[in-house]
Amino acid sequence: MEQVNELKEKGNKALSAGNIDDALQCYSEAIKLDPHNHVLYSNRSAAYAKKGDYQKAYEDGCKTVELKPDWGKGYSRKAAALEFLNRFEEAKRTYEEGLKHEANNPQLKEGLQNMEARLAERKFMNPFNMPNLYQKLESDPRTRTLLSDPTYRELIEQLRNKPSDLGTKLQDPRIMTTLSVLLGVDLGSMDEEEEVATPPPPPPPKKETKPEPMEEDLPENKKQALKEKELGNDAYKKKDFDTALKHYDKAKELDPTNMTYITNQAAVYFEKGDYNKCRELCEKAIDVGRENREDYRQIAKAYARIGNSYFKEEKYKDAIHFYNKSLAEHRTPDVLKKCQQAEKILKEQERLAYINPDLALEEKNKGNECFQKGDYPQAMKHYTEAIKRNPKDAKLYSNRAACYTKLLEFQLALKDCEECIQLEPTFIKGYTRKAAALEAMKDYTKAMDVYQKALDLDSSRKEAADGYQRCMMAQYNRHDSPEDVKRRAMADPEVQQIMSDPAMRLILEQMQKDPQALSEHLKNPVIAQKIQKLMDVGLIAIR
């Protein structure tokens, strides 16, 4: 037994010095002498992990658990090896199993949290794995009809379970449409050069992670450092920051290769509001971590703390920079959420800083000049810039709507008119320009409604009265072919949505076969509204 301990100590020293092969040889010889010693397998597992032989590290981790199933360290070794092998689900289960035996083991707890974060990240990166997948596909008319095809559902399930097959399925137009819906991006409108799907970039090489130290075999200085750290943590929780700093400083002196003690000091200065000192210590911790091949997750935490310090000072650009550095080391939902929050605030700040009513007026005048000359595209650019400079000026939206109408972009004109009316409900030009766009689209019923709203505001408004009369006459004299009616109606997004709804199509079929069914359906206000819309555009008629 004395020879076993000598070999174990010799192996520990070799591993600490970086002589991995010598350490493995010592542990293996010790195991031959004492094949039931769980600590030896645990230490050899750590050595294999440091060497990069993760399969053997996993096998020794399993043997450790087999020999001592109530020892948390064995589960930690096994799970760490599984993590290196990218078997995250198994690693998560191993951490959970270990916690059944040692419920308060901090390494197992942290390992489980990291695995849950990694698994959540994987789901986030696979759009076909979102929890409300079918609900989202059902709510979009582009994919709703596809769901009735069993082969389509089978394809979706295949990509849900094996996202790596996506590259081979991109030629299927159904998949491109589905990605457009799930990602909220119009993939079909890309330039021709972009239409060929480029394969995703290869994943970055996995960073080697330093295996955990062996608690039972730590050198005395490291054991003392851990005790000082615990004392510091207790003081930190009590907000006795000066005492906490003393203990962390002592821990750092005892074990200068461990970056954790430095990041703990940084956390204290963060709480004290000394953000410059916090950042200085985090940078130092990162340097120490790099030198000693520290776990990338610890490096990520240090970068995230720098980001948090800048966030506290409302320096959002710097915060985003360091959050992204943290995410490059290790993606966690918390840091990602914080980064997105900072980006949102920064974007809003930049938008507000851009507002300048005087410059908006200059751009508006330039737009008016171009409009008078008939240069509508240039006028639209000036009005757009004016809107960015003064987004609360309703008249700017009205002017740009006039440009869109001249350029036959009626849907965009309607959108600007709606914004104009929302900002200034009594501005009559917002209504007359909206009605003019609807009239140009030959949607006379809606146009008359809007002209009437303008007349309600000013009954003497000749532009509105004339428009109302024109629409009424056009509606009366309309002799469109059924094909023209259908084509014009189906250009309306609202009609498209109604007609692609399987429930509405079933109702329309019932109405054709049994006209008496109409009265029942009209009792439902939502259905009644949809039927009225189809009547307004001329797709159906009730006699």
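The backbone N, Cα and C atoms fix where each Cβ goes, and this holds for glycine too.
What Swiss-Prot lists as SUMO2 cross-link is K123 (among others).
Here Swiss-Prot flags K210 (among others) as SUMO2 cross-link.
Taken from Swiss-Prot, the feature domain 'STI1 1' applies to 130-169. For the domain 'STI1 1' (130-169), the model gives a mean pLDDT of 76.
The N-acetylmethionine annotation in Swiss-Prot covers M1. Contacts of M1 (N-acetylmethionine) defined by a Cβ separation under 8 A and a same-chain sequence distance of 6+ are given as D34, in order along the sequence. According to DSSP, M1 (N-acetylmethionine) is assigned to coil rather than to any helix or strand.
If you look up Swiss-Prot, you'll see K8 (among others) marked as N6-acetyllysine, on the strength of similarity to another entry. Reduced to three states, the DSSP call for K8 (N6-acetyllysine) is helix.
The feature phosphoserine is assigned by Swiss-Prot to S16 (among others). Counting only residues at least six positions away in the same chain, the Cβ atoms of P219 sit under 8 Å from the Cβ of S16 (phosphoserine).
The phosphothreonine feature in Swiss-Prot is assigned to T198 (among others).
Taken from Swiss-Prot, the feature N6-acetyllysine covers K301 (among others), and the record attributes it to similarity to another entry. When Cβ atoms from all protein chains are considered, those within 10 Å of K301 (N6-acetyllysine) total 24, not counting its own.
In sequence order, F270, G273, Y275 constitute the residues six or more apart from K312 (N6-acetyllysine) in its chain with CB-CB distances below 8 Å. For the recorded site, K312 (N6-acetyllysine), the DSSP three-state label reads helix. What Swiss-Prot records for K312 (among others) is N6-acetyllysine, and it gives similarity to another entry as the kind of evidence.
The N6-acetyllysine feature in Swiss-Prot is assigned to K325 (among others); the stated evidence is similarity to another entry. When Cβ atoms from all protein chains are considered, those within 10 Å of K325 (N6-acetyllysine) total 17, not counting its own.
A 10 Å cutoff on Cβ-Cβ distances gives T332 (phosphothreonine) a total of 22 other Cβ atoms nearby, all chains included. The feature phosphothreonine is assigned by Swiss-Prot to T332 (among others), with similarity to another entry given as support.
According to its DSSP assignment, K344 (N6-acetyllysine) is helical. A C-beta separation below 8 Å, combined with a sequence spacing of at least six in one chain, links K344 (N6-acetyllysine) to none of the other residues. Here Swiss-Prot flags K344 (among others) as N6-acetyllysine, drawing on similarity to another entry.
The number of other CB atoms found within 10 A of the CB of Y354 (phosphotyrosine), across every protein chain shown, is 13. According to Swiss-Prot, the phosphotyrosine annotation covers Y354.
Sequence annotations record features per position, and here Swiss-Prot assigns N6-acetyllysine to K446 (among others). Here K446 (N6-acetyllysine) comes close to L438, D536: these same-chain residues lie at least six apart in sequence, with C-beta atoms under 8 angstroms from its C-beta.
As annotated by Swiss-Prot, phosphoserine applies to S481 (among others), with the evidence given as similarity to another entry.
Swiss-Prot lists 222-239 with the feature motif 'Bipartite nuclear localization signal', giving sequence analysis as the kind of evidence. Counting residues 6+ beyond its ends, the motif 'Bipartite nuclear localization signal' (222-239) has Cβ neighbours under 8 Å at 213, 245-248, 250-252, 254-255, 258, 260-261, 264, 267-268, 271 in the same chain.
Among the modified residues K8, K301, T332, Y354, the residue whose Cα lies closest in space to that of K325 (N6-acetyllysine) is K301.
In the three-state DSSP classification, T332 (phosphothreonine) falls within coil.
Here T332 (phosphothreonine) is positioned 33 angstrom away from Y354 (phosphotyrosine), judged by their C-alpha atoms. Here the Cα atom of K301 (N6-acetyllysine) is found 33 Å from that of K8 (N6-acetyllysine).
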